[in-house]
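A.B. asks: Can you keep this structure in mind? I'll have questions shortly.
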Amino acid sequence: MRIEFTKMHGLGNDFIVLDARERALPPIDSAAATALADRHTGIGCDQLILLEPSTEGDFRMRIFNADGSEVEACGNATRAVGLLHGRPARIETLGGLLHASPSDNGISVEMGKPRFDWDRIPLAYAMDTHSMPVGWDELTDPIAVNVGNPHVIFFVADPYAVDMDRLGPLIETDPLFPERINVNVAAVTARDAMTLRVWERGAGLTRACGTGACATAIGAMKRGLVDRRVTVTLPGGPLVIEWREDSEIVMTGPATESFRGSFDPADYGMPAGGTGA
Ligand SMILES: N[C@H](CCC[C@H](N)C(=O)O)C(=O)O
């Protein structure tokens, strides 16, 4: 039995979407996710997205990073599955129930409310997450925000001058972050504009990170650097982030279906039959 997939991306953050809402799939585990994500042997993606039936919402979205880790949130993928659904959707995730809906500028997603307490990021010990007394070389004085998944944000003059290939993994795996961390380096260019690069937990440097854009925008708003609606421009393009008065984060941006295909699960170490994991 071959398994069908849809290749999608959000500003170049690319995904393989497997749809088990109507028909069970063989168990998807971290090994299968890693094999499918491998750009050398597989179809290649940053995250594997698995859609399943849900009792809480219209469907459940599970997110596996390229290293196989299953995580709580993925902003770009949430817009992608919102596009696939074609109408407003209530999406159950490990990070909470999200609402995605088509809008004039792509797909808008209510990403939930940010969390700032050290044990909600989480950090390994108590610390002021608003201005953290820690640093890695030129990256100092970060702010930490959880938007369903954990992010640390550094404000710098030029994000493209930062050696993310060296500092990204160093910070991602620092013992200060017991669940690891997504690493954001951003520059504020106006009261309503920022540029951002993200080293993603479990995926590395990506062309865009929706939750990174949300966390970075909120961090800048908390520090009074930008207004409550800001355009965050990543290497793959812009996202508009608004922090509503009710504390809900709203992210709006494009989502794209690239192509559809199928693969033989045996090629990826997956059993042929069985039900979803
Ligand atoms: N690497 C992230 C998950 C994917 C986030 C990113 N692709 C997005 O669009 O939000 C994590 O481990 O929390």
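Each residue, glycine too, has its Cβ placed from N, Cα and C.
If you look up TrEMBL, you'll see C74 marked as active site. Among the features that TrEMBL reports, active site, proton donor is placed at C74. Annotation comment: TrEMBL describes C209 as active site, proton acceptor. Positions annotated as substrate binding site by TrEMBL: N13, Q47, N65, G75, N76, N149, N182, E200, R201, G210, T211.
Any idea what these are sitting next to in the structure?
C.D. replies: C74 (active site): 30 other CB atoms within 10 A of its CB, across all protein chains.
DSSP gives C209 (active site, proton acceptor) a coil state; it is part of no helix or strand. Within its own chain, C209 (active site, proton acceptor) has N13, G75, N76, N182, N184, L196, V198, E200, L234 as residues 6 or more apart in sequence whose C-beta sits under 8 angstroms from its own.
Counting only same-chain residues six or more apart in sequence, the Cβ atoms lying under 8 angstroms from the Cβ of R201 (substrate binding site) belong to N65, S69, V71, N149, P150, E172, R180, I181, N182, V183.
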A.B. asks: Between T211 (substrate binding site) and C74 (active site), how far is it from one CA atom to the other, in Å?
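C.D. replies: Answer for this pair: 6 Å between alpha carbons.
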A.B. asks: Quick one: of N13, N65, N76, which of the binding-site residues has the smallest count of other CB atoms within 10 A?
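C.D. replies: Relative to the other binding-site residues in N13, N65, N76, N65 has the fewest Cβ atoms within 10 Å.
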A.B. asks: What is the set of residues, excluding N13, Q47, N65, G75, N76, N149, N182, E200, R201, G210, T211, whose C-beta falls within 8 angstroms of the centroid of the C-beta atoms at the substrate site?
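C.D. replies: Counting only non-site residues, the set is D46, I63, V71, A73, C74, A77, V198, A203, T206, C209, G212.
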A.B. asks: Would you count the other CB atoms within 10 A of the CB of T211 (substrate binding site), including those on all shown protein chains?
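C.D. replies: I get 30 for this one.
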